[in-house]
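According to TrEMBL, the feature ATP binding site maps to 10, 11, 12, 13, 14, 15, 16, 17. The feature domain 'Thymidylate kinase-like' is assigned by TrEMBL to 8-200.
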Ligand SMILES: Nc1ncnc2c1ncn2[C@@H]1O[C@H](COP(=O)(O)OP(=O)(O)OP(=O)(O)O)[C@@H](O)[C@H]1O
Ligand SMILES: Cc1cn([C@H]2C[C@H](O)[C@@H](COP(=O)(O)O)O2)c(=O)[nH]c1=O
């Protein structure tokens, strides 16, 4: 595989989507159709993964079993990798994904309390060793991220945004543990800075990765 795969990770309201909105036109100007922007759960031009997204994020199922939830994210990811990400990388594209497997480890493993190892094992089956070349972690205190969402996105609150603050604190601790375990892949940026600085920091990381030789 020859392209580059970069995932964007972080708690709710960290600014991933806002930063991507600015980086996409910049990268399109440089790379044109060689750029693919996608997301999890779900995936660009991936109806199966998007159908699972609708199901797993629906506020209609507040009592979904936590392992069922982990399986749905994993199933969506498998489809995303096989049908969207790997074909793009084979075609030498740059793939940017708003969330990937670290979300499962942090949210299901740490947040829901299933445990890192169980969620890792489940995702080993899905990933078969496949991981992003780089992951940009948007570091923000969960209360700050949630306050941003409450202030700006009342109409978009999903099932997870309704979880108690303790859940989001466990997610945040899970991400920090992951970043400690894999400091080479996971690059931390301070997402509490003014948006312009967060964009600049993410831009520097993306450029560094794209300019790296195979
Ligand atoms: N650095 C920043 N400072 C202040 N506000 C910000 C900053 N970054 C993003 N925001 C605002 O916070 C809100 C959430 O941002 P955004 O949707 O980009 O986060 P996200 O990481 O994609 O969240 P989620 O994963 O929950 O979808 C938006 O209203 C956005 O304008
Ligand atoms: C991939 C993935 C995602 N989640 C959660 C994290 C967020 O609360 C939602 C996605 O919403 P967004 O606004 O599109 O970021 O899904 C998760 O719990 N586990 C996962 O593997």
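Backbone N, Cα and C atoms are what each Cβ position is placed from, and that goes for glycine too.
Computed from a predicted structure; not experimentally measured.
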So which one is it: of the binding-site residues 10, 13, 15, which has the fewest other Cβ atoms within 10 Å?
15
Quick check: which same-chain residues outside 10, 11, 12, 13, 14, 15, 16, 17 lie with their CB within 8 A of the centre of the ATP site CB atoms?
138, 140, 145, 148, 191
Given a separation of at least six residues and a C-beta threshold under 8 Å, show me what packs close to residue 16 (ATP binding site) in the same chain.
8, 9, 10, 98, 99, 138
Would you mind sorting out which binding-site residues among 11, 15, 16 put a C-beta under 6 angstroms from ligand 1?
15, 16
Return one of helix, strand or coil for residue 16 (ATP binding site), based on DSSP.
helix
Tell me, how many other CB atoms lie within 10 A of the CB of residue 14 (ATP binding site), whichever protein chain they belong to?
27
Does DSSP put residue 11 (ATP binding site) in a helix, in a strand, or in coil?
coil
Overall pLDDT for the domain 'Thymidylate kinase-like' (8-200), taken as the rounded mean:
95
